[in-house]
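In what follows, a structure is listed as structure tokens, so that the remarks can point back to it.
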Amino acid sequence: MLTALLLLLLTLPITGCWDRREMNELGIALGMGIDRVDDKYVVTVQVVKPGQVAEQKGATGAESPVVMYKSEGPTIYEAIRKMTTASPRKIYAAHLRVLLFGEALARQGIGNALDLLSRDYELRTDFYLLIARGATAQEALNVLTPLEKTPPNKLFRSIETSEKAWAPVVSISLDDFVNDIVSKGKNPIISGIRIVNPDEVGASTKNLNTIRPKVMLENDGIAVFRKDRLIGWMSEEESKGYNYITNNVHSTVGHISCPGGGKLALEVVDAHSKIGGKMVSGRPYLSVDVTVEQSVGEVECRIDLTKISTIQELEKRAENSLTRIIRHAIDAGQKKFKSDYFGFGNAIHRGHPKMWKQLQKDWDERFEDALVDVNVQIKIIRTGTITNSFMEEEE
Amino acid sequence: MAENGKISGLQLMVLTFLYTIGTTVLVIPAGLAATAKQDAWLGAIAGVLIGTVVIGLYMGLLTVYPGLSFVNICRSALGKWVGTALGVIYMCYAFIGASTVLFYVGNFFKTQFIPHTPLWCTIMLFAVVVAMGARLGLETIARASELMLPWFLMLFVLLVLTLVPAAKSANVLPVFEVGWKPIFSAGLSFAGTAYMPMVFLFSVLPHVKAPEKTKIGMYVSALLGGVCVILVTLFCILILGPNITGRSMYPSYALVKKINIGNFLQRVEAILAGLWFITTYVKTTFYYYAGVRSLSEILGLKQYKVVTLPCAMAVVVFSLVVYPDVVYMQYWDSIIFPPYIILLGVVIPLLLWIIGLAKQNSQQEPSTSTQNQLDKGS
């Protein structure tokens, strides 16, 4: 009897603890935006309305699937806590998908703002960092888009999809950014998003009622940082080159011009790159080796794809074109931004640790006058489901 | 003092294995990465090598003083009063050890899961199980750890397999950049956390069937435990990088947060935290068991079980104040603990071993046989 009572007593601690929080007490935050106005942080948090996100038959979607809370404070933590004055539920950040920074804040430096996110126990590190290009983070979160019900999910999914299928896009997580800031041989970068048609109202479900929503969000360019300050934006081609150099291209499509005029699109099936560096007579000597496997994707010129020599010619042209893109990207790093965001410094560190000891203190300046050797190898293996274009017959 | 139970060599191996991993796996990668940067895993290997030497010393001690617990070893080497005084120091350390590990458990929970639950609550729940284990005796503890071993192994294999895809080999390069000194000092702190507290297994060793045969087993299981910690450290470096590893409170927990297989198998860190509960439990229990055994031997009690509950209360209370804050904890662990554990875990056992050897040699001379009997009597 006594044992039975004791066993019953043992069940007491199982019932829960001081920190139990039921589902209906959580304000699940999917997206967070951080801006700065004067000396205060403006934090916007987007919380899902569970009822609206759940798939319902006959749901008209008249109500917005998310609600956004905004508050200001001298520190981010205070601002988020202050949201309880407006929100009936305490913000729960474990499921955060994206963290947006306004461009203005990014230009002042985001390092301090990131501390909370790596210190707080609720957050994981599987969300992406993004910069709202030419806008505040609040404005960018304020756009409802179709297909994905909540804006943060849209941003998360589209950066994931796009990174795998389109070379100029890269995803950056908190850990990537922190590692880059700390390492002396690589400056950080973060992908940007742009609001298409920022003057229209995107925050209402009305935005979804048309086939082509007026306001949309687009991945656009990569922001270049020196330490934690944004210093500029890579163009699309520079971003493409960046991703080829840093081995971040999974699949993409590019074009070359045909020998007799016209264009031909090539799909990248597989791409690998390796960067290295050493010192030759006091000057950094960097190397980029890229190997790419491609297939012919679209032919818009008169060309005989059945000949081996044609394929060899196309490979040569593709190699030249990619070499040019990569050189252009490195030039931008050396001349325009004067910042080694590719990680060449880290490559020297890995390969020649002793040499790196002398180089690391003024690496960014040394990088500017480094010689770069670009070596591209391209194999075109397949031509898709047909050989020659049917347009060939018209000649 | 009666402990009727005997444990088998295999059970001792399981205990040693889990004891080696103990709290080491949760906290030590941070310290290693802070000292040895990307060579932290080399530091871990150095730690295992140092640890092997330490175990060699303990095995030597076991040969010289067969079947004696640590307090009795001190007494037989240094005489009744000095030996007992030394025994008291060890007993105190066992209780301090139990309290600090309890604080680790409570602090881990409070930092990562339940920040608003009072520390005493978590600690008390854990301490109840520890005291229960100690009270039920060595056999129960040994069988419990045999039962926990498959769970541990399953979780560990899951951990390793799911982390492989996220590993970036560039993170460990350049290998051997920091040089010998940081690697050695990292290894020393590893051995100090994982192997030197093994001196407390001397409260268990007298109860092992055929202790001579278990020596190889001790080496093997301590090495295997070390390999587990090396693997976790290596993955911390490969996945988080030396910088984030060195900066984290609990790097291996930060590590399992990274598990993501096809956006499907993810966010399993709370399940994998089960790993540390198992190993931490074994470690705490041993500190605590060694403490109460030593106390009862010092006081000459017939039943060590009578002190298990009062001591548990003392340990719980002490664990609440043992570290005033986490910054002090890190200071203590990195600055004060290493010399302290080297003194208690290496220097003193070494002295005892030398004294024991000297006595053994004099024992072999037939003329001093009466003297030996006096020695034994003291």
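Glycine is no exception: its Cβ is also placed from the backbone N, Cα and C atoms.
No curator has checked TrEMBL annotations; they are predicted automatically.
The list of residues near the transmembrane segment (B:12-34) in space but at least 6 beyond its ends in sequence, with Cβ under 8 angstroms from a Cβ of it, reads 40-41, 43-44, 47, 51, 101, 104, 108, 141-142, 145-146, 148-149, 152, 186, 189-190, 193-195, 197-198, 201, 204-205, 208, 214, 217-218, 220-222, 224-226, 228-229, 232-233, 236-237, 242-243, 245-253, 275-276, 278-280, 282-283, 286, 333-334. Here TrEMBL flags B:12-34 (among others) as transmembrane segment.
With a threshold of 8 Å between CB atoms, the same-chain residues lying at least 6 positions outside the transmembrane segment (B:40-61) that come near it are 20, 28-29, 32-33, 73, 172, 175-176, 182-184, 186-191, 194-196, 198-199, 201-202, 215, 218-219, 222-223, 226-227, 229-230, 233-234, 236-237, 242, 245, 345-346, 349-350, 352-353, 356. Residues or ranges marked as transmembrane segment by TrEMBL: B:40-61 (among others).
Taking Cβ pairs closer than 8 Å, the transmembrane segment (B:81-105) reaches residues 22-23, 26-27, 70-71, 74-75, 122-123, 126-127, 130, 197, 199-200, 277, 280, 283-284, 287-288, 290-291, 294-295, 297-298, 311, 314-316, 318-320, 322-323, 329, 344, 348 in its own chain, all 6 or more past its ends. What TrEMBL records for B:81-105 (among others) is transmembrane segment.
Panel annotation: around the transmembrane segment (B:117-136), residues 98, 102-103, 105-107, 109-110, 144, 281, 284-285, 288-289, 292, 305, 308-309, 311-312, 315-316, 319-320 of the same chain, lying at least six beyond its termini, place a Cβ under 8 Å from a Cβ of the stretch. The transmembrane segment annotation in TrEMBL covers B:117-136 (among others).
Only residues 6 or more beyond the boundaries of the transmembrane segment (B:148-167), in the same chain, are considered here, and those with a CB under 8 A from a CB of the stretch are 14, 17-18, 228, 231-232, 235, 238-239, 255-256, 258-261, 265, 268, 271-272, 274-275, 278-279, 281-282. Annotated transmembrane segment per TrEMBL: B:148-167 (among others), in sequence order.
Taken from TrEMBL, the feature transmembrane segment covers B:183-204 (among others). Counting same-chain residues at least six beyond the ends of the transmembrane segment (B:183-204), those with a Cβ under 8 angstroms from any Cβ of the stretch are 7, 12, 15-16, 19-24, 27-28, 31-32, 35-36, 39-40, 42-51, 54-55, 58, 61-62, 68-70, 73, 90, 94, 97, 138, 176, 222, 225-226, 229, 283, 286-287, 289-290, 293-294, 334, 337-338, 341-342, 344-346, 349.
Long-range contacts of the transmembrane segment (B:216-240) within the same chain, counting only residues at least 6 positions beyond its ends with a Cβ under 8 Å from a Cβ of the stretch, are 9-10, 12-14, 16-21, 24-25, 28-29, 32-33, 38, 40-41, 43-45, 47-48, 51-52, 55, 58-59, 156, 159-160, 163, 166-169, 171-172, 190, 194-195, 198, 248, 251-252, 254-255, 258. Taken from TrEMBL, the feature transmembrane segment applies to B:216-240 (among others).
Counting residues 6+ beyond its ends, the transmembrane segment (B:270-292) has Cβ neighbours under 8 Å at 15, 18-19, 21-23, 25-26, 70, 90-91, 94-95, 97-98, 101-102, 104-105, 108, 112-113, 126, 129-131, 133-134, 138, 141, 145, 148, 151-152, 155-156, 158-159, 197, 200-204, 252-253, 256, 259, 304, 307-308, 311-312, 315 in the same chain. The feature transmembrane segment is assigned by TrEMBL to B:270-292 (among others).
The transmembrane segment annotation in TrEMBL covers B:304-323 (among others). Within its own chain, the transmembrane segment (B:304-323) has Cβ neighbours under 8 Å at 1-3, 95-96, 98-100, 102-103, 106, 119-120, 123-124, 127-128, 130-131, 134-135, 137, 288, 291-293, 295-297, 329, 332, counting only residues six or more beyond its boundaries.
Listed by sequence, the residues of this chain that lie at least six past the ends of the transmembrane segment (B:335-355) yet keep a Cβ under 8 A from its Cβ atoms are 54, 57-58, 60-61, 64-65, 73-74, 77-78, 86, 89-90, 93, 188-189, 192-193, 195-199. Among the features that TrEMBL reports, transmembrane segment is placed at B:335-355 (among others).
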